[in-house]
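Novice: Could you have a look at this structure, given as structure tokens, before my questions?
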Amino acid sequence: MIIAFYLFLALMKIVCSIPNINNKILQLFPKRNEPTSFETCYGDLGCIEVTQQWYHDDYRPINVEPLSRFVIRTEFVLYTLPNGVQKDRHHLDFEIISSKGQSLEKSRFDGKSDIIILIHDFTSNGYTGWIKHISASILSDHKRNVIAVDWQSGAEPPYEQAVANARVVALEIIALLNCIKSKFGMGGEKIHIIGHGVGAHIAGYVGESAKQIKKITGLDPSGPYFEGMPNFVRLDPSDATYIEVIHTDYYSTDSQGTCDHLGHRDFFVNGPHRQPGCNDSSSNLNLVAVERNNLKQGQILPGCSHKRSFKYYIESIEVTNCKFIGFSCEDFNTFTEGACSCESTGVFSLDSYESNAQQQDKGLYLLTNGIRPYCVIPYKLVMRLSNFTRASEHLSGYIEVLFKGNSIDVVNGSSYLHRKSQTFSKGEKKELLIYGDPPQITSFKEVQMKWKTFVSRNCQLHQQTGLNCVLTQETLSSRIGTTTPSNRVKR
């Protein structure tokens, strides 16, 4: 035993005396996920460098090298309306364009019209439904060049590979924009990039390199591998003159989006909850864990709340009698209590733009319907509750309102749109957000109000079937009164 011990010490002395032996061993057998710096070049496109700053133990533990551009096969799809067709949202023509040769000159690209670039998400493609839908909606009412970026082959699982490929896609877009600038003299002031999920961060990479991009719209930018990271890793306000971000999916650890503020105006729709009308929680797959065999051939990753971002944005283009108005507020709960100022608001739309935008510390909060039309119109209702001696001290419930305008317009509204009852105390002054469907009433003739509450009632056990007793919800309502413009209340 003693001889073996001394032999071990001698071997250790020999090993430790070899210069840099530990470093060589580490190079041969690196630790799992240990940060590795590398650079990958793509000819005339340029190079992609990954340094230690692209890693984070919690937020981005892995960086892989991007695939070859010939594997990713990025294509640019120019969508146009058929010749002679105007204001048609059901028919589209498309052609493939590139930065090579005479492709642009031979296409229907209009060198005098602004450019809208659409970038899809992980597992998607440039011909998917929302891309075609938004293209048709834009072209039917606006004179624009609409170009979809198809990087489907690079957007396949695993997620960390698609995230790496995103930077190559950005280089391809930059090459196209440089070509457009050289041939038509069009700079960043004519460019609006709309990206969904990972596509939103691709837009950021383009803006960071191309400089002076007019506008970027981030449709629920992806969270995993981007949130919590430095600005150069993700979309950030320096990537364009104006950046609006629509957050719709950040309510759970498996959510595809993020609650990080990434733009000049960050809209948080329906708060940190599943979007109304979205009940498919079982279909939410963790992005990092997704493999190709999790999806059918050609299937796009499910995610109802994540996809609502582009549905809301498309409706903001198509609907003219309602705007998606966000209110600047400390948080969502303060917003739903009606405690936010009506003076500080923002609107997301195709035409929204601020030339001197500064990033806001506070988010912009808004609510929607659970089905189309999603857009609802906010009203702030200020009321003072009676202080009768026999009245209950506190009651929980919500207010339903019937607005009557000076014209023939009548609108139903409710304070329950955010799916949350509120506490009403006798004698208090209460400020509520009431949401109603279009059209907007600007001049009121009459306001009728009802108070509603949920009460619990025990059911009885059915002895023949053996059903367990359950708790049911029953709605009670009580008419409060009718208010006229002179603030009189009819009882």
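Glycine is no exception: its Cβ is also placed from the backbone N, Cα and C atoms.
Annotations in TrEMBL come from automatic prediction, not curation.
Below, the features straight out of TrEMBL:
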type    : residues               : note
BINDING : Arg234, Asp236, Asp239 : Ca(2+) binding site
DOMAIN  : 39-374                 : domain 'Lipase'
SIGNAL  : 1-17                   : signal peptide
Novice: Need the DSSP three-state call for Asp239 (Ca(2+) binding site) to compare against my parser.
Specialist: helix
Novice: Excluding near sequence neighbours, so keeping only residues 6 or more apart in the same chain, what lies with its CB under 8 A of Asp239 (Ca(2+) binding site)?
Specialist: Ala203, Gly204, Tyr205, Val206, Gly207, Glu208, Ile213, Ile216
Novice: When neighbour density is defined as the number of other C-beta atoms within 10 angstroms of a residue's C-beta, which of the binding-site residues Arg234, Asp236 has the lowest density?
Specialist: Asp236
Novice: Quick check: which same-chain residues outside Arg234, Asp236, Asp239 lie with their CB within 8 A of the centre of the Ca(2+) site CB atoms?
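Specialist: After dropping the recorded site residues, what remains is His201, Gly204, Gly207, Glu208, Asn231, Phe232, Val233, Leu235, Pro237, Ser238, Ile243, Leu262.
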